[in-house]
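Student: Marked as compositional bias 'Basic and acidic residues' by TrEMBL: 66-77. Sequence annotations record features per position, and here TrEMBL assigns domain 'Phosphatidic acid phosphatase type 2/haloperoxidase' to 153-265. Feature annotation from TrEMBL assigns region 'Disordered' to 1-78. Per TrEMBL, the feature transmembrane segment maps to 122-143, 155-176, 214-235, 247-269.
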Amino acid sequence: MPSAYNVRSRARERNSILSRPEFMSLNHQPLRGGCGPPESRPGPKRAAQTKHQTTQKSEEPTDGSSNDRRESTKMPEEDCMQLNPSFKGIALNSLLAIDICLSKSMGVCASTSSSWGGCRSMVALLALTGHGITWIIGTIVCLTRSNTLAGQEVLVNLLLALILDVMTVAGVQRLVKRRGPWEMTPGFLDCIAMDVYSFPAAHASRAAMVSKFLLSHLVLAVPLRILLVLWAFLVGMSRVLLGKHHLTDMVCGFALGMFHFSLMETVWLSSNTCQTIISISTLSWSPFY
């Protein structure tokens, strides 16, 4: 049997070994909730740090200043890049870029310093023949000089179609608010006719509607019919050459003009209705006689 001296020496040796740094963790008593390492156990010092951090979080300002700072760090929506755009979006953006590029390159009469700047006055005169004010005043003058019922019927319906075209195009332009390819300030006559924006092209719409209207209700020779169609196309192109409209504006203007013609054919006013409108407008209408 070992003596008492040997037992005490072994105990002292074991205590000296346990006092080393690498065996210090063996001296700690395990907690009741778990047996993890001491770093994961919430000791008194760690608990004090956690409590201090919680107190700091609770003392942070809860007003809208922090939210404003977070919102200010967000990037605006227009600066965010769409990483996976759809095929439809890519196609539309490509067509829009092609339209703008072609429209800018075709604006050869946009200013006097352009490549076709010497023809600017001639092209502007051609565009004036398709202006809304020109056609409305010309139709009213012809209506005052017309003596036949058939002629007055055609002119009254043409005047209503012109007013419909001006109002519709002005409304669509106000909704879309597309600028021209060269960002030009609209002229005085354009402001009167409410032709301020680019889409759709008012001159193209009016030229298409008037040409189709005259071809349908007037008996014209073949050369005149060809010239009338050519005039409508040149009026639409003149606004592109002047840098006022894009190519898509002109195409949509032609389509809108054809729609106005179809609409007027559907609601065509009879001769009696036209005579009533003329009598009211000239203050010569007498409902009792």
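Cβ atoms here come from the backbone N, Cα and C positions, even for glycine.
For each feature listed, report its degree of burial, its nearest neighbours and the pertinent distances within the displayed model.
Tutor: Beyond its flanks by at least six residues, the transmembrane segment (155-176) meets 132, 135-136, 139-140, 142-143, 146, 193-200, 202, 205-206, 209-210, 213, 253, 256-257, 260-261, 263-264, 268-269, 274, 277-278 of its own chain at Cβ-Cβ distances under 8 Å.
Within the chain, the transmembrane segment (214-235) has long-range Cβ neighbours (under 8 A, six or more residues past its boundaries) at 126-127, 129-130, 154, 203-204, 206-208, 254, 261, 265.
Packing against the transmembrane segment (247-269) from elsewhere in the chain are residues 99, 102-103, 106, 153, 156-157, 160-161, 164-165, 168-169, 172, 178, 198-210, 212-213, 216, 232, 236-237, 239-240, 277: each is 6 or more residues past its ends and has a CB under 8 Å from a CB in it.
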Student: Any idea what the model's mean pLDDT is for the domain 'Phosphatidic acid phosphatase type 2/haloperoxidase' (153-265)?
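Tutor: That stretch averages a pLDDT of 92.
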